[in-house]
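**Student:** Mind looking over this structure? Questions follow.
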Amino acid sequence: MCEDYLGCRYPQPSYLLVWLCYISSQFQLSHCTFYAVTLLFQIHGNALLLIIILGIGGSFHCGYHITGLSSPSPYIQHFINSSWFNRYGEPPSPESATMVWSLVVSMFAVGGLFGVFSVKFFTGKLGCKRAMIGNNLISIIGAGVMLTSKWAQSFEMIIIARALFGFSAALGTSLHLMYLGEISPRQIRGSVTLTSATFLSLGKLSGQFFGLTEILGGQDMWNIVLSVPACLSLVQVLALPFLPEPPRYLFIEKRDDKACKKALQRLWGPGEYKQEMDEMLMEQLASEAAPPKSFLMLIRDRTVRWQLITMSTIFCCNQLSGMSAISIFAFDIFVKAGIPKENVRYVTLGLGLSEIVTSLVSGLLIEYSGRRPLLWGGYGFMSLIWVLVTITLNLKDTYYWISYLSAALIFLFFVFFCGGPGAATGTLNNELFTQSNRLAAFALVGFLRWFMFAMQGLIFPFIIKTFGSYCFTLFALTSLLGSLYAFFILPETKGKTLLEISAEFKTISVCWKFWSKKETKETQL
């Protein structure tokens with residue numbers, strides 16, 4: 001199998017390649033998996049530096065702000081109560097305090113909604129590179145508002161800062177993915193774009209790490225721990241101007257083939273890159289023949305209706321399966337489970353580590369099992385876990401070890417989500433839509449993701465207050481719905497072209513029409 005890759009144009013780490021050949025033969029890795037692993041070790045020079053710079057200013061922010069609010073949440077709620085008392089001379093009512101805290105949580109997602117819909121505007125006006133720089137300036141402004149909110153005794157400034165963080169995180173994550181896709185040659189595009197998910201997980205882990213009491217999680221530093229990503233934004237603002245523009249942007253949008261070739265050489269080393277530039281030319285001609293559809297045009301298109309239903313169902317199930325709630329309200333959930341407050345931060349740090357490990361393992365697993373088993377199996381086990389969590393929470397006062405069993409079940413939930421729906425969803429998002437539909441589909445899916453994220457952040461505090469431990473049964477029902485949909489309706493996309501996948505989804509529509517006609521004939525008889 002090694003001989004297939006020895007002629008590759010990119011620099012070869014020979015000893016590492018031989019070792020990987022041995023490992024692949026021992027564990028019977030597929031050709032695609034072996035190729036992806038070897039190419040990961042071939043990213044070097046300016047390309048590697050650019051990937052790191054993009055990551056720390058892109059999806060890292062989204063991951064950090066999702067988990068970064070969990071540890072300092074008690075101190076922020078205390079600040080809200082004290083600033084309210086200093087302003088009005090009386091403590092806030094429980095309903096008012098819960099509402100303000102819900103706004104602090106949910107405004108991150110509200111800002112994300114605006115960020116998702118501004119991607120096309122920013123890239124059209126500035127291009128990916130300058131849009132990334134401008135986006136990080138927004139993040140720095142948000143950090144300034146957050147840092148001064150404590151001095152100003154204003155919880156409204158926290159809400160504004162969270163909205164700016166959400167806008168920057170959503171816009172930055174989308175720009176990050178676009179930039180990675182435009183700088184990478186076809187042979188290693190999957191490996192390069194995979195780094196976006198890696199930096200997302202690193203951001204989540206960093207949010208949990210810096211929230212530790214021994215680091216920045218003290219009562220006097222909650223505004224600092226929420227502003228840490230701004231330091232990385234500053235690094236990107238200073239470094240990105242010296243790195244190349246995306247080659248595809250230069251060729252397709254600017255129509256400058258010389259600048260495109262020069263950018264490819266700066267990123268990946270000397271070479272003619274004729275194959276890559278020919279592919280860009282074909283893509284340019286295809287985009288001119290079939291211009292991208294708008295958001296409304298995609299919704300009206302019946303040929304992609306099942307694809308839209310599928311992605312909408314899966315993304316809604318992901319957001320309402322409990323994963324986002326754990327990321328945001330991990331402190332409250334583990335305290336509710338009976339874990340001592342002084343140990344909760346270390347438990348959440350373990351969640352971040354388990355997410356990174358599971359994400360790396362699932363990259364190999366998805367090539368063997370396909371997408372459907374990861375989805376219906378993952379959702380099914382997640383539903384069962386939430387039922388067990390509900391039972392253990394109601395029994396936590398009977399035995400001391402029940403609390404730790406609840407925490408172990410939540411860890412297990414993380415494993416099944418990150419190794420199941422979390423791993424398969426991103427792949428499906430790129431496989432279900434052709435080039436002309438993809439931008440509009442990403443906008444729709446991004447809207448659903450951030451809208452559900454905002455609603456969950458706003459409503460979940462009231463749900464957990466009203467239903468107590470039984471609130472997790474709602475997550476169980478949603479996960480069960482996702483499992484049934486993936487098992488009975490979703491076709492397998494592994495190893496198929498985009499046209500073959502589209503044909504599979506058209507079969508779903510035809511099947512439905514066939515049964516409708518059959519029922520109509522039986523009624524007439």
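Heads up, the Cβ atoms here are built off N, Cα and C, so glycines get one too.
Pulled these features from TrEMBL for this protein:
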| type | residues | note |
| --- | --- | --- |
| DOMAIN | 51-494 | domain 'Major facilitator superfamily (MFS) profile' |
| TRANSMEM | 16-41 | transmembrane segment |
| TRANSMEM | 48-66 | transmembrane segment |
| TRANSMEM | 99-119 | transmembrane segment |
| TRANSMEM | 131-152 | transmembrane segment |
| TRANSMEM | 158-180 | transmembrane segment |
| TRANSMEM | 222-243 | transmembrane segment |
| TRANSMEM | 308-334 | transmembrane segment |
| TRANSMEM | 346-366 | transmembrane segment |
| TRANSMEM | 373-393 | transmembrane segment |
| TRANSMEM | 399-418 | transmembrane segment |
| TRANSMEM | 439-464 | transmembrane segment |
| TRANSMEM | 470-490 | transmembrane segment |
**Student:** Within the domain 'Major facilitator superfamily (MFS) profile' (51-494), what mean pLDDT does the predicted structure show?
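**Tutor:** The predicted confidence over the domain 'Major facilitator superfamily (MFS) profile' (51-494), as a mean pLDDT, is 80.
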**Student:** Near the transmembrane segment (399-418), which residues from the same chain, at least 6 beyond its ends, have a CB less than 8 A from one of its CBs?
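**Tutor:** Here the qualifying positions are 318, 321-323, 326, 333-334, 337-339, 347, 350-351, 354-355, 358-359, 362, 378, 381-382, 385-386, 388-389, 392-393.
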**Student:** Need a quick answer: max count of Cβ pairs under 8 Å to the transmembrane segment (439-464), which of 99-119, 131-152, 222-243, 373-393, 470-490 is it?
**Tutor:** 99-119
**Student:** How about long-range neighbours of the transmembrane segment (131-152): same chain, 6 or more residues beyond its ends, C-beta under 8 Å?
**Tutor:** 54, 57-58, 61, 79, 122-123, 125, 158, 160-162, 164-165, 167-169, 171-172, 175-176, 179, 222-224, 226-227, 229-230, 233-234, 236-237, 240-241
**Student:** Other than its close neighbours in sequence, what residues sit by the transmembrane segment (373-393), given a CB gap under 8 Å and a spacing of at least six beyond its ends?
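**Tutor:** Distant contacts of the transmembrane segment (373-393): 314, 317, 321-322, 336-338, 362, 365-366, 402, 405-406, 409-410, 412-413, 416-417, 419-424, 468-470, 472-473, 475-477, 479-484, 486-487, 490.
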